[in-house]
Amino acid sequence: MKKINKIVLAYSGGLDTSVILSYLKEKYQAEVVTYTANLGQGESLTSVEEKAKRTGASKVYVEDVREEFSSNYVLPALQAGALYEGRYPLATALARPLITRKLIKVAEKEKAEAIAHGCSGKGNDQVRFEVTAKALNPEIMILAPVREWELKSREEEIEYARKHNIPVEVTEKAPYSIDRNLWGVSIECGILENPWEEPPSDAYQLTKSPEEAPDKPTYIEIEFKGGVPTGLDGESYKLVDLIEKLNRIGGENGVGRIDLIENRLVGIKSREIYEAPAAVILHLAHRELERLILDKDTLHFKELVSQRYSELVYDGLWESPLRKALDAFVRETQKELSGTVRIKLFKGSCEVVGRKSPYSLYDEKLATYTKEDIFDQKASKGFIHIWGLPLRTVAKARKKI
Ligand code: ARG
């Protein structure tokens, strides 16, 4: 085995990555540098630095990447309409390529030969980390201890931590596996593994249940400029702040819960619940503006792009040439996507109730059934005659046989 001197570990400060830190040091006799990204997971990251040091990290990186995450990953996915299997806004999947890019950067700066992650061998995230890492640096070595080590349960990990003097808070056994960032929360394991069971209320992290949400609707107006959400109720917002604000307003109204049986890349069907109020609201508002502004062919073609784009992101192919090419298409469609969408949030539902734009293709004079109508109804006769020609031709030809 090639000697490894330095490893950069994607570190969350939780039990798994703390044990991994110590395990890597022992197994490879290597220096371990940790990297932690603030992606809006809502936990205080000040203790992470201290924890990593106490667990034996030779150097600790903690970085606020929320801005970069929202402009370079979340925004393109929103504009592409990327919802995996029609529903999942891809919060976890979008964060992985960014974290990986950062790990590679730190590895190059620190002259580390390897990076390490704490993903299991059954999920999508291992694929996303590793495919992205090799796309950015084909020479880098990747270590995935959870796939190899003998620690089979949380109890065994706690035992390992005790033996190795790793500081772990002795908490109740966490009933769920949770991954969170500003674009959403992903929750699985425990009772949720039974797809017939309704998710218990303690599974949800940031949304109220529709039953507990206010009995009066909340109306909001979201403004877009060139496909970018820039305002809420007449006030300008930076994207990060807008997302955080919509998570609060949506969550308060019970909006953004998604209970999904999904197809993992490794062939397993799994059940995950998501909470993504801002993502649900923004996808709805953005799509609505496209309905108003884009011509029919572009709008319909973009649906195909959305589906493919969501698969690329989910499947760990963020760095692929195809994703970048699709981005170029999407960007072209967003040039005139400016306007305002009015949304009603009420006890878990989220509905568009109004839309307007200077670029709107909606022409009331064409659509109306009043005397303002300018549509030439007589011209429809000739149009229908020719539109139906292929079907009449078939009918006539078949009669001859
Ligand atoms: N199923 C989601 C995905 O593959 C989330 C995976 C992580 N979920 C979790 N609860 N840790 O993107």
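Cβ atoms here come from the backbone N, Cα and C positions, even for glycine.
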One of Y88, Y219, Y237, Y309 listed by TrEMBL as binding L-citrulline at the site of N124, R128, S177, S186, E262, Y274: Y88
Residue in A30, A37, A93, A135 which TrEMBL records at the ATP site where A10, Y11, S12, G13, G14, L15, D16, T17, S18, G118 also bind: A37
Neighbourhood of ligand 1 - binding-site residues from S12, G14, D16, G118, R128, Y274 with Cβ under 6 Å: none
E262 (L-citrulline binding site) in three-state DSSP notation: strand
Cα separation, S186 (L-citrulline binding site) to S18 (ATP binding site) (Å, whole number): 21
Per-region confidence, the domain 'Arginosuccinate synthase C-terminal' (176-392) (mean pLDDT, whole number): 98
Close in space, distant in sequence - S12 (ATP binding site), Cβ under 8 Å, 6 or more apart: T36, V48, G118
